[in-house]
Amino acid sequence: MRVVKAEFAGACYGVQRALDMAVKASESGQGASTLGPLIHNPQVVAELAERGIRAVEGPENVERGSVIIRSHGVTPAVRRAVEARGLPLIDATCPHVARAQKAAAELARRCGRVVVVGEAGHPEVEGLVAHAREAGGHVVVVAEPDDLPASLEAPVGIVVQTTQTREALDAVVAALAERGIEADVKNTICFATRQRQESAAALADEVDAIVVIGGRNSSNTTRLADICALSCARTHHVEAPDELDPAWFAGCESVGVTAGASTPEDQIAAIVERLEAL
Ligand code: SF4
């Protein structure tokens, strides 16, 4: 059975950077805490815990050691709370997310009203909203044009959660244009998600079965599995090699492998090795 890996798969730049920073922090021997799980990957979170890196809910739960900010970033209030406690701060905010936070604040100052295109309640979106509000902006979060308040008036700035699609952004911009509002748009989409989705879809088209690796609590991995299932009925989402069932691949000449942006390379390599041994 031929095993083919997707062109783009696994940990993106921001996640890999955060993982590297956490591992480095663990080597200090002082211990460290992440504000929420570092990534949506239970195996990685367990490995980090063994190295003395534990996930806590907020700065008030940290007793000693450093505090690591995740790639999603945090609100300015959370950052101030860490600083007020005098705890060493390791900022693993992805540079793409930091750029979006800066854009949200700039738009708030320039336009007064800011639309955040994204998923309400997501930690990254909460950070964008808070950065815009701290800069004096009136902020709404929309996932689609129907979420736009009827009362919205120009001038309006738009900033985007990094993992959103270009289509979602364009739909909101077009809906505002129909109302005569020409928004000031900061396209802060990161292409890591799109690259993984497009290469997974292309691979799912050409193989007999496909394995999608990543946490079941990872929304980007689940989305990859949904995309693969559209063209490959034998799509299997797994977290670890021992979940692979040889019966899934009966009669297969080729199997594809892809992984979410929160799946490190060693987990992909372990699955590939197990598949090649089947
Ligand atoms: S998906 Fe993009 S923005 Fe998000 S952590 Fe990865 S590289 Fe950064």
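Using N, Cα and C of the backbone, Cβ positions are placed for all residues, glycine too.
Those TrEMBL annotations? Automatic predictions, nothing curated.
The [4Fe-4S] cluster binding site annotation in TrEMBL covers CYS12, CYS94, CYS190. Counting only same-chain residues at least 6 apart in sequence, those with a Cβ under 8 Å from the Cβ of CYS94 ([4Fe-4S] cluster binding site) are TYR13, GLY14, VAL15, ARG17, ALA18, SER71, HIS72, GLY73, THR162, CYS190. Classification of CYS94 ([4Fe-4S] cluster binding site) by DSSP places it in coil, neither helical nor stranded.
The isopentenyl diphosphate binding site annotation in TrEMBL covers HIS40, HIS72, HIS122, SER218, SER219, ASN220, SER262. Look at SER218 (isopentenyl diphosphate binding site): DSSP puts it in coil. Neighbours of SER218 (isopentenyl diphosphate binding site), defined as other CB atoms within 10 A of its CB across all chains, total 23.
Neighbour density for HIS122 (isopentenyl diphosphate binding site): within 10 A of its CB lie 15 other CB atoms from the protein chains shown. What TrEMBL records for HIS40, HIS72, HIS122, THR162, SER218, SER219, ASN220, SER262 is (2E)-4-hydroxy-3-methylbut-2-enyl diphosphate binding site.
Among the features that TrEMBL reports, dimethylallyl diphosphate binding site is placed at HIS40, HIS72, HIS122, SER218, SER219, ASN220, SER262. Residue environment of SER262 (isopentenyl diphosphate binding site) contains 27 other Cβ atoms, counted within 10 Å of its Cβ in all protein chains.
Residues annotated as active site, proton donor in TrEMBL: GLU124. GLU124 (active site, proton donor) carries a helical DSSP state (H, G or I). In the structure as shown, the Cβ atom of GLU124 (active site, proton donor) sits within 10 Å of 24 other Cβ atoms.
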Looking at the recorded positions CYS12, HIS40, GLU124, SER218, SER219, ASN220, which have a C-beta within less than 6 Å of some atom in ligand 1?
CYS12
Give the sequence-ordered set of same-chain residues, not counting CYS12, CYS94, CYS190, with Cβ within 8 Å of the centre of the Cβ atoms defining the [4Fe-4S] cluster site.
TYR13, GLY14, VAL15, SER71, HIS96, VAL97, THR162, THR163, ALA192, THR193, ALA261
Going by a 10 angstroms cut-off between Cβ atoms, which of the binding-site residues THR162, SER219 has the sparsest surroundings?
SER219
For the binding-site residues CYS12, CYS190, the one whose C-beta sees the most other C-beta atoms within 10 angstroms:
CYS12
If you measure every Cα to Cα pair among HIS40, HIS72, HIS122, SER218, SER219, ASN220, SER262, the residues listed for dimethylallyl diphosphate, what is the largest value in Å?
16
Around HIS40 (isopentenyl diphosphate binding site), which residues of its chain at least 6 apart sit with Cβ under 8 Å of its Cβ?
GLY214, GLY215, ASN217, SER218, SER219, THR221, SER262
